[in-house]
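*Asks:* Attaching a single structure in C-alpha cells format; questions to follow.
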Amino acid sequence: MQNITDSWFVQGMIKATSDAWLKGWDERNGGNLTLRLDETDIAPFAANFHEKPRYIALSQPMPLLANTPFIVTGSGKFFRNVQLDPAANLGVVKIDSDGAGYHILWGLTHDAVPTSELPAHFLSHCERIKATHGKDRVIMHCHATNLIALTYVLENNTALITRKLWEGSTECLVVFPGGVGILPWMVPGTDEIGQATAQEMQKHSLVLWPFHGVFGSGPTLDETFGLIDTAEKSAEVLVKIYSMGGMKQTITREELVALGKRFGVTPLASAVALY
C-alpha cells in the first residue's frame with residue numbers, strides 16, 4: 001500500500017517548509033503554504049484518509065474551487081516541525097461541491113485546523129487561476145526579512161518598490177516583470193486582508209504586506225519559493241546599499257527596457273516610467 005507521506009506533494013511541502021525555515025523566513029508559527037492538487041494526485045492514497053473527515057465551513061463560498069483538493073499547512077504549526085511529523089503539521093483538504101466548506105481528508109491530527117490565512121490563500125488561488133488560466137497552483141506566505149525591512153524605509157507603492165527591486169538584482173525584472181503589489185497595513189487572518197491580497201494577485205505574483213511579510217504565487221513549489229527567494233535577495237542587496245549611503249549608480253530605465261526585450265517579458269509600465 002502506498003503511504004501518502006511518500007507522495008510527491010507531501011515530500012514537496014516538507015522540503016519547501018524546511019527550506020523556508022532555514023532561510024529565516026518562518027520563525028515560530030510564522031508563514032503558511034497551500035498547494036492546489038488534482039483528484040488524481042490524492043486518489044491513490046484514499047486508504048490513508050481519515051475514517052470520518054471533519055467538515056469546516058468557509059467564511060465565504062468559493063464556488064470556483066468546488067471539488068478541489070489542497071494540501072495546506074496547519075494553524076499554529078511551526079515550519080521547522082513539518083519534517084518531523086507531516087501528519088500533525090500538514091493536511092489534505094477537499095472543497096465540497098458547492099464551495100461552502102471543506103473536509104479534512106488527511107493530516108491535521110489532534111483536531112488541528114488549516115492556517116488562519118486560509119481565506120487569503122483561497123481567494124488568491126481563485127484570482128491566480130483566472131490570471132494564469134489555471135497554471136499557478138501554489139500560494140506561499142512568509143516573513144522574508146529584508147523585504148519587510150524595505151517597507152519601513154521606502155514609500156509603499158507598487159511602482160517604486162518594484163523599480164527598486166528590479167535595480168537590486170538584474171534577474172528580478174525577468175523573474176517578476178509584473179512587479180510587486182503592496183497593501184496598506186491590515187490585521188492578518190481576516191477576510192478583509194484576504195480580499196485585498198487577492199485583488200493585487202489579479203495583477204502581480206508577489207504581494208507585500210508592510211511590516212509583516214510577502215505573498216507569492218507560482219505553478220510549482222520550486223517556482224514559488226524561487227520567486228520569493230529572488231525578491232528577498234534583491235531586498236538584501238538594497239538594505240546593504242542603503243546602509244552604505246545609497247546608490248551611486250544603478251540599472252537605467254533604458255537598460256531595463258532592453259533587458260525585457262532580450263528575455264521576452266513586458267515590464268510593469270508604471271515602474272519603468274517612474275524615472
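Every residue gets a Cβ built from N, Cα and C, even glycine.
For Glu117, the entry in Swiss-Prot reads active site, with the evidence type sequence analysis. As annotated by Swiss-Prot, Zn(2+) binding site applies to His141, His143, His212.
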*Asks:* Would you kindly give the Cα-Cα distance separating Glu117 (active site) and His141 (Zn(2+) binding site), rounded to the nearest Å?
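*Replies:* Distance between the two Cα atoms comes out at 9 Å.
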*Asks:* Rounded to an integer, what is the Cα-Cα distance in Å between His143 (Zn(2+) binding site) and the residue listed as 'active site'?
*Replies:* 13
*Asks:* Using the alpha carbons only, what distance in Å do you get between His212 (Zn(2+) binding site) and the residue listed as 'active site' once rounded?
*Replies:* 13
*Asks:* Looking only at His141, His143, His212, which of these binding-site residues has the biggest number of Cβ atoms within 10 Å around its Cβ?
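*Replies:* Within the set of binding-site residues, the most crowded position is His141.
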*Asks:* Could you list the residues of the same chain, at least six apart in sequence, whose Cβ is under 8 A from the Cβ of the residue listed as 'active site'?
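*Replies:* Counting only residues 6 or more apart in sequence, the Cβ neighbours of the residue listed as 'active site' under 8 Å are Asn32, His141, Pro188, Gly189, Gly194.
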*Asks:* Taking the center of the Cβ atoms of His141, His143, His212 at the recorded Zn(2+) site, which other residues in this chain have a Cβ no more than 8 Å from that point?
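*Replies:* Not counting the recorded site residues, we get Gly30, Gly31, Cys142, Ala144, Ile148, Pro188, Trp209, Gly213, Val214, Phe215.
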*Asks:* For His141 (Zn(2+) binding site), what is the secondary structure by DSSP, using just helix, strand and coil?
*Replies:* strand
